[in-house]
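Working notes, structure below.
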Amino acid sequence: LSCGMHIAVCIGAMLAAILSLDFVLGTSSLWGVLLSLPGVFAGIQMIIATFLPDTPNHLLVEGNRKQAVSSIKFYYGMNDAWDESLISKYRELVLKVPEQISYQDAFRDPSLRWSIFVGMIVSGSQVFCGSMATISYSTSMFNSVSFVSPLVPFLPTIGAALSVILTLPAICLVEKYGRRVLFISSLLILVLCDYFLAIFTVLSQNVEFVGLSLWSVLFGVAFFFYGLAYNLGVGPTAFFIPGELVPSQVVSVALGAAVATNWFGSLVTTFLFYPLNLAIGGWSYLLFAIPSTIFLIFLWNFLPETKHKDKGAIEWESLVDFGKPDQYGTFMIRQF
């Protein structure tokens with residue numbers, strides 16, 4: 001499902017890239033319309049959301065059984081003359097979601113705090129590798145190395161379309177090879193590509209005797225492998241690994257912390273890269289390469305494999321119990 005979320009993000013990026021083309025809305029007279037479209041889409045989402053009922057589990061926990069029945073009918077298409085019978089069928093079909101603990105309780109436990117922190121590093125790696133900046137400034141990146149000019153305006157659209165296609169195999173790879181192997185190996189490739197992007201940009205701007213076209217081609221090759229590694233590994237897996245590192249009661253806290261880290265990283269890398277690129281050229285890619293190298297070393301040592309996690313349990317080397325065994329089962333997490 002998280003791979004599907006990544007595909008949806010890529011489709012959104014592809015739509016934005018298409019609308020940004022010079023012959024669509026990317027002109028000096030229509031840029032205001034282009035800028036306002038995200039607000040229009042957000043408004044449509046907010047309007048649609050008002051017609052969506054809350055989740056059945058939440059309504060049942062709140063004791064609002066009448067609305068819970070309507071929610072079950074809406075989301076699951078179940079129909080039964082008796083409300084209690086419908087609720088019973090729902091509970092048989094859907095596993096009971098444990099009540100989520102608070103941020104304070106989660107961070108008070110050292111083991112949970114560590115697992116949440118590892119998840120934050122995973123989510124941070126997704127953006128500090130330069131993913132958001134490459135989406136936002138790919139045109140400037142290729143122009144800086146004198147890439148084939150007629151192709152440059154279409155590269156964001158082509159890249160977004162390839163991202164959708166490349167993410168599809170990730171759905172199978174993540175189950176075949178596991179989360180840790182896929183994430184670490186793809187992050188390693190991204191780190192190498194960040195350094196190569198820096199090297200080829202610097203060479204294209206300073207060393208002319210080899211020929212600018214050579215550095216442009218090498219830059220394009222590095223960029224392609226960057227996109228390949230990101231969409232097959234780090235991109236989709238970073239959405240769900242933080243939630244698999246913790247027991248079920250702590251998933252909302254872990255994902256919330258991971259998303260906050262992700263958005264902060266997006267803000268930092270997107271706002272800093274462009275002025276740095278104008279000021280120091282290819283050296284600006286170190287903004288991605290250095291943090292990603294640190295994250296790679298950290299995750300190589302501390303990221304566990306969560307492929308075989310079952311209903312909130314992860315069996316690792318050192319184990320501690322958590323939760324209510326009589327109601328939810330025993331949850332085990334690693335204590336480093």
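All residue numbers here begin at 1 and follow the chain in the order shown.
Using the three backbone atoms N, Cα and C, a Cβ is placed for every residue, glycine included.
According to TrEMBL:
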| type | residues | note |
| --- | --- | --- |
| DOMAIN | 1-307 | domain 'Major facilitator superfamily (MFS) profile' |
| TRANSMEM | 7-25 | transmembrane segment |
| TRANSMEM | 31-52 | transmembrane segment |
| TRANSMEM | 114-134 | transmembrane segment |
| TRANSMEM | 154-174 | transmembrane segment |
| TRANSMEM | 181-203 | transmembrane segment |
| TRANSMEM | 209-229 | transmembrane segment |
| TRANSMEM | 250-274 | transmembrane segment |
| TRANSMEM | 280-303 | transmembrane segment |
Counting only pairs at least 6 apart in sequence, do the transmembrane segment (250-274) and the transmembrane segment (209-229) share 3+ Cβ pairs under 8 Å?
no
Going through 7-25, 114-134, 154-174, 209-229, 280-303 one by one, which has the most CB pairs that fall under 8 Å from the transmembrane segment (181-203)?
280-303
